[in-house]
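S.K.: Sending over a structure as structure tokens; questions will come in a sec.
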Amino acid sequence: MSRSLGSPFVTLQVCERQAVQRCAPQSRPRRRHDDFPTRRYQPSQSRPFSSSQPWRASQMGKAIAPSMRKQSQPSLASSRQQQLQQAFRSGNIPDEMGLLPQTFVMPRGKNRPSWFSNFGDRKQMEWTRLKTRMTELGALFIYRFWSVRPRPRLQLLTIPGVARDLHKRMYEHFAAGNLTPMENQICDGMLGSLRSRIAQRNPNTGLKWTLHKYLSRPKIASYRTALFPEQKGEKNTERNGVIQAVVRIHSLQSLQHIKRMSTRDANQKLVVREVSVDSQGRESEPLKEGAVPANAKDAVEYVVVQKMIRKGKEGRWMIWGTTEETTMSQIKQDQNKSQQDLLGKNAA
């Protein structure tokens, strides 16, 4: 309860006490101030004024109501909804929309439940994959042939290459500590995270990221489209939405720590030399050209790229970040949530 309700509460107690004193018999002892209830006044509860005249009670209610009534303010969710609607109308939609709900990334063979030892979970995972793929195909058909004009191109064959190039360039610029050349191709959330990590590096230090080779071809693991709610009077040439694709990239890569040291060359000019150091900061021997260091890792990454649709026009592909394989626990959580939502709708 806010502090501004203190004064009306005291006023109500004084008015009630005076009314009781005027109407009570003379032989009746006066009611002390301590005898009044100490609970706060709640306008939603009806409280009888048996010792007050009806007109006076109504006048007190009129006098108290304006001061007790709170100014109605829009909730945070309502304000957020209004901002989104305004963004939809203007086309100024932020590129950080998050990973689309129910994005399904099928685990690799060794991470899937076994058909023999865990038949129930494997059956549920395969059924979830089938339902998700059918939903994705239906959404793609509607997006391609119905909802947007002119008809967009899906570019399914070029997406793996786009994701591979964005992934490689992003890590190279991040290791060099300079994201400016491709800041327009990284979504805001990922860009802020990378910049924060660069700012935490020690002075005169850096990283050298090397992609030695791809161990398999990049492959689309998920491709989804989502159109935002249609606004009043919006034409199919002015629709807004987002396209997201998850691409699996399997590569052999390494990361080396670099230390910048000032030295003088043969002409006694001051130059900056980069040397490789270990985790303890000690200088290590440089690798030969094309050599693979011992700390090279076999990495499987699920890179998320997205393209915004603003006023019916597609933007450029941007890298949103990375995601993980879908697990059985996530599938079961989504199933339980769907059942609870269905029960809630039936109860309503």
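Note that Cβ sites are derived from N, Cα and C of the backbone, with glycine treated the same way.
Heads up, TrEMBL stuff is auto-annotated, nobody curated it.
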S.K.: I'm validating the feature mapping. Which of 217-238, 327-348 is tagged region 'Disordered' in TrEMBL?
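M.R.: It is 327-348 that TrEMBL describes as region 'Disordered'.
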S.K.: Residues of the same chain, at least six outside the compositional bias 'Polar residues' (327-341), with any C-beta under 8 angstroms of its C-beta?
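M.R.: Long-range Cβ neighbours of the compositional bias 'Polar residues' (327-341): 102, 107, 113, 121, 124-125, 128.
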